[in-house]
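*Asks:* Please read through the structure below; I'll follow up with questions.
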Amino acid sequence: MENEINIKNIDTKKRSSMEVTIFLLITFGMSIFFGVLIYLNIYNNVSIIALFMMLVPATGVAFAKELKTKNKNPTHVLHYLLIGNFVLSLCMIILRILGIVSDDAINALIGLITPLISIMILFYSWYKCPNLDPFANVKKVVAPILIFLFISIIGLIVMSKGKNINYTDLITDIFLILPNLVSQSILFFGEEYGWREFLQPVLQKKFGKRIGVILLGIIWQSWHIPFYFPDINWNIKMLLLRFCYLIALSILMGYIYMRSHNVWMCALVHLINNTIFGYLSNNSSDIYLGFLALSFVLSLFIFSKEYDKNQNCFNNEVNPPC
């Protein structure tokens with residue numbers, strides 16, 4: 001009996017390692033592939049590529065789970081929705097590179113498919129996947145999410161010196177955050193299902209909660225680097241600042257994930273971040289100081305009890321099924 005248990009544990013570890021390998025190969029493989037296309041000016045519509053790349057981490061998880069094992073959990077359907085959307089989007093970009101379709105056609109498809117798939121995934125997660133329930137433990141993380149929203153708005157105003165901001169649009173976008181989470185969930189869930197739901201527990205179990213989440217922030221930012229190729233005059237200070245900020249943001253999201261076990265709340269934070277800081281439009285010294293200050297504040301969450309060694313933040317497994 002003991003030998004059987006040991007063999008089972010070894011098989012589980014091998015399967016987990018293989019899943020992580022497949023996930024990283026897909027996520028970074030696609031990042032490097034599109035980075036090369038951008039660098040060689042084969043296809044450099046960064047806005048379309050960025051939207052596509054937001055689908056990749058979740059698709060990496062889906063391929064990793066479905067290729068190695070016969071998934072009998074409800075996530076099986078979810079994974080094939082993710083894979084199908086990924087393949088369709090990739091085919092459209094390939095057709096664009098070949099000159100068969102236009103960017104306008106891709107944008108039209110995005111406008112049509114994204115809300116449809118987003119609502120399907122959100123509803124299916126709620127209806128069939130208890131561990132992906134969008135409403136699970138929401139009350140536990142309302143306060144830190146609102147704090148993040150507040151300090152992000154203050155940071156935006158300070159860094160922009162209150163100029164070049166259309167406050168009517170900003171207020172409108174803030175009120176549209178929750179509706180946008182519904183209509184664009186495939187994009188933000190697409191990243192967070194990969195980084196927070198899948199990779200964070202793996203890294204934290206292997207390296208500890210604090211080191212694991214810091215490594216996740218480094219990996220997350222490294223994945224973004226090929227998208228900077230259009231800027232031939234790289235700003236090293238800004239690149240380092242991005243590492244600091246995404247590590248700090250990973251600490252906050254890690255806290256929210258461990259506290260709520262709800263990856264949708266991480267997707268919400270991601271959406272808030274993109275919504276607020278999408279209004280920044282310059283590289284002044286105020287931005288450097290502002291993001292350093294914001295990074296410092298967010299990093300303080302690493303001292304919360306959720307990051308304590310003895311605090312159990314996992315649901316029995318590295319990647320609990322639905």
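Backbone N, Cα and C atoms are what each Cβ position is placed from, and that goes for glycine too.
No curator has checked TrEMBL annotations; they are predicted automatically.
Owing to the predicted nature of the structure, the values given are computational and were not obtained by experimental measurement.
What TrEMBL records for this protein is below:
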- 20-40: transmembrane segment (TRANSMEM)
- 46-65: transmembrane segment (TRANSMEM)
- 77-99: transmembrane segment (TRANSMEM)
- 105-126: transmembrane segment (TRANSMEM)
- 138-158: transmembrane segment (TRANSMEM)
- 186-276: domain 'CAAX prenyl protease 2/Lysostaphin resistance protein A-like' (DOMAIN)
- 211-229: transmembrane segment (TRANSMEM)
- 235-256: transmembrane segment (TRANSMEM)
- 287-304: transmembrane segment (TRANSMEM)
*Asks:* Pairs 6 or more apart in sequence, C-beta under 8 angstroms, 3 or more of them: is that satisfied by the transmembrane segment (211-229) and the transmembrane segment (20-40)?
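*Replies:* Between the transmembrane segment (211-229) and the transmembrane segment (20-40), contact is present.
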*Asks:* Go through 20-40, 77-99, 105-126, 138-158 and flag the stretch with the largest number of C-beta pairs under 8 Å relative to the transmembrane segment (46-65).
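*Replies:* Between the candidates 20-40, 77-99, 105-126, 138-158, the best contact partner of the transmembrane segment (46-65) is 20-40.
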*Asks:* With Cβ-Cβ distances below 8 Å as the criterion, list the same-chain residues six or more beyond the ends of the transmembrane segment (20-40) that contact it, or say none.
*Replies:* 46, 49, 52-53, 56-57, 59-61, 63-64, 67-68, 97, 194, 198-199, 202, 223-227, 229-230
*Asks:* I need to check the long-range neighbours of the transmembrane segment (77-99): which residues 6 or more away from its ends have a CB within less than 8 Å of a CB in the stretch?
*Replies:* 37, 42-43, 45, 48-49, 52, 55-56, 58-59, 61-63, 65-66, 71, 105-106, 109-110, 113, 117, 120-121, 124-125, 128-129, 132, 186, 190, 193, 322
*Asks:* Count the residues of the domain 'CAAX prenyl protease 2/Lysostaphin resistance protein A-like' (186-276) that DSSP assigns to helix (H, G, I), to strand (E, B) and to coil, and report the three numbers in that order.
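*Replies:* DSSP classes over the domain 'CAAX prenyl protease 2/Lysostaphin resistance protein A-like' (186-276) add up to 81 helix, 0 strand, 10 coil.
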